[in-house]
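Chemist: Could you have a look at this structure, given as structure tokens, before my questions?
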Amino acid sequence: MADLEAVLADVSYLMAMEKSKATPAARASKKILLPEPSIRSVMQKYLEDRGEVTFEKIFSQKLGYLLFRDFCLNHLEEAKPLVEFYEEIKKYEKLETEEERVVRSREIFDSYIMKELLACSHPFSKNATEHVQGHLVKKQVPPDLFQPYIEEICQNLRGDVFQKFIESDKFTRFCQWKNVELNIHLTMNDFSVHRIIGRGGFGEVYGCRKADTGKMYAMKCLDKKRIKMKQGETLALNERIMLSLVSTGDCPFIVCMSYAFHTPDKLSFILDLMNGGDLHYHLSQHGVFSEADMRFYAAEIILGLEHMHNRFVVYRDLKPANILLDEHGHVRISDLGLACDFSKKRPHASVGTHGYMAPEVLQKGVAYDSSADWFSLGCMLFKLLRGHSPFRQHKTKDKHEIDRMTLTMAVELPDSFSPELRSLLEGLLQRDVNRRLGCLGRGAQEVKESPFFRSLDWQMVFLQKYPPPLIPPRGEVNAADAFDIGSFDEEDTKGIKLLDSDQELYRNFPLTISERWQQEVAETVFDTINAETDRLEARKKAKNKQLGHEEDYALGKDCIVHGYMSKMGNPFLTQWQRRYFYLFPNRLEWRGEGEAPQSLLTMEEIQSVEETQIKERKCLLLKIRGGKQFVLQCDSDPELVQWKKELRDAYREAQQLVQRVPKMKNKPRSPVVELSKVPLIQRGSANGL
């Protein structure tokens with residue numbers, strides 16, 4: 001029966017993988033729902049307050065770029081040639097060979113530069129033209145040939161074009177997507193969890209599928225009780241910090257994190273899924289690798305280390321077991337549990353795996369940085385070639401002996417090694433950090449310039465264009481059976497109790513890596529959801545034309561911010577009522593859909609604006625004169641934050657104005673402000689229209 005269950009688990013997992021690759025959106029069992037377009041009013045202010053509504057910020061985001069591109073290509077004729085030119089340059093930069101670049105560079109020059117020059121309508125500088133012409137005359141076609149044009153295209157787009165985008169419906173759609181992104185609260189219900197694929201000291205790793213996009217990931221679940229039992233809280237939190245540091249920017253050579261979340265019992269990391277097994281496994285199955293095969297793995301690992309070191313992260317656990325293969329045979333560095341940030345303080349702890357640890361790591365009290373990883377790389381490459389670490393002779397398992405040899409032994413390299421390989425390994429395995437390759441001031445560049453890698457084009461390595469020496473078999477789960485992986489003995493943690501203080505440690509654990517979420521959405525459901533939302537909004541717009549649209553009421557007025565909230569203000573009502581709210585400098589108005597805005601609170605009536613919690617949900621509490629209370633609930637975290645800020649600012653400014661105005665004697669004050677009255681104070685409009 002156990003065998004049958006294992007087979008069924010494998011089949012289910014493999015089917016999910018295949019369907020995810022073909023049509024991930026079709027595998028989505030949940031649907032992302034975009035908020036109403038009126039969310040723009042609140043979200044624009046929220047993003048502006050954080051410096052996010054700039055050309056650079058929006059253009060550099062995947063979804064921001066796609067919406068800006070759509071606007072320019074389909075709604076702004078003057079910007080269309082600029083964006084088309086930009087896209088052609090980006091395609092050129094990804095070409096694999098010089099021959100392809102020679103042909104394409106000439107086509108781009110003729111279509112987008114010479115044609116415009118002849119028509120006297122070339123909107124770019126003479127320097128940019130001369131830069132490209134000079135290279136083409138010499139038949140030099142580097143990937144960054146058109147970089148001066150990229151800079152000038154962006155300069156031309158960031159002015160009036162960007163301002164028109166901000167005023168368009170495409171920016172409204174950007175606000176809708178950003179609201180979804182900034183309100184992500186993941187739970188186990190957001191994933192379909194498949195078979196176990198690995199186990200570590202604190203928990204297990206599973207294959208899983210994200211419900212709203214259909215994308216496959218690895219879910220690393222750490223048991224909070226086991227963490228507490230082993231006093232591993234610092235290690236668990238450190239791994240989340242290290243993953244967050246290395247998971248931004250384009251690096252296909254590290255197992256990166258897209259999300260982190262926790263439940264009452266578990267910490268969960270959502271990571272890149274690697275289906276091809278690890279190098280330790282393949283070394284045992286395949287036998288030692290040739291120099292050429294090892295060069296392939298070394299090159300990709302070097303780029304992974306370079307990415308980490310550029311972010312001041314030292315990995316500290318480089319070994320074949322931590323190098324995972326994807327289904328095509330390319331590799332990524334995994335498991336950042338021992339990684340460390342050395343940007344502010346260099347570490348001096350002796351951590352890692354014996355036989356791969358650098359001498360400075362083994363020496364007590366000696367501080368080190370990325371130097372440790374280059375020594376470990378030398379040890380690992382030696383193992384790929386010879387089947388054992390250079391300091392683990394005769395398969396000794398004595399850790400003290402291995403450490404002693406690491407600190408004292410001069411490594412003898414076999415005569416069969418090529419001179420270039422000997423030079424590389426001798427440089428990496430230098431005990432003296434000041435003489436070690438990679439530690440002489442230029443980091444990874446020194447290693448990449450080794451004669452051993454002379455035949456490589458590093459751009460081709462980065463683009464993963466070299467054929468892997470080993471391709472994992474398709475249609476197989478390259479992991480041990482669930483039975484062989486085993487499970488934890490729950491008796492171990494039976495007496496461990498998780499206290500409130502334990503849970504407090506993980507209060508800031510949840511995280512979404514913005515660029516990875518946006519990439520996931522763009523690859524899967526972005527177009528589908530945009531099309532569906534467009535249809536829904538068109539129908540609603542037609543209906544609202546008859547009723548009077550909520551946003552129309554704010555037009556031409558001094559409305560600070562407006563949008564939907566739910567209120568609970570009547571002592572006889574226990575249910576939330578969804579209403580559309582308008583904040584003015586001297587009052588807060590609201591109405592139901594299609595109703596006239598008759599209800600309002602003046603700033604004079606409000607005594608304070610506070611945050612409260614009702615059934616574990618954050619709400620806004622407005623304390624009203626006469627001991628009354630008015631509770632507001634927002635649909636998302638950004639809305640709550642922004643409404644609280646705007647209400648407090650309006651209340652404070654109204655109070656200050658009242659204090660500046662001499663009190664009127666013998667004249668009663670009305671608590672209700674007529675809608676026709678002149679506003680108390682003018683603040684910037686954010687009608688979002």
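Cβ coordinates come from backbone N, Cα and C, glycine included.
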Chemist: According to Swiss-Prot, I197, G198, R199, G200, G201, F202, G203, E204, V205 bind ATP; so which of K215, K220 is the extra one listed there?
Modeler: K220
Chemist: Which of the listed residues, S418, S670, has Swiss-Prot annotated as phosphoserine?
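Modeler: So the answer, going by Swiss-Prot, is S670.
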Chemist: C-alpha of R199 (ATP binding site) to C-alpha of D317 (active site, proton acceptor): distance in Å?
Modeler: 17
Chemist: Please average pLDDT over the domain 'PH' (558-652) for the predicted structure.
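Modeler: That region's mean pLDDT is 89.
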Chemist: Might you list, by sequence position, any residue in that chain lying six or more from G203 (ATP binding site) with a Cβ less than 8 Å away from its Cβ?
Modeler: K220, C221, L222, D223, R226, K266, L267
Chemist: For the domain 'RGS' (54-175), what does DSSP give as the number of helix, strand and coil residues?
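Modeler: Final tally across the stretch: 94 helix, 0 strand, 28 coil.
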Chemist: If you draw a 10 Å sphere around the Cβ of D317 (active site, proton acceptor), how many other Cβ atoms fall inside it, taking every protein chain shown into account?
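Modeler: Around D317 (active site, proton acceptor), other Cβ atoms within 10 Å: 22.
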Chemist: Can you tell me which of the binding-site residues I197, G201, V205 is spatially closest to D317 (active site, proton acceptor)? Compare CA atoms only.
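Modeler: Result for D317 (active site, proton acceptor): the nearest of the binding-site residues is G201.
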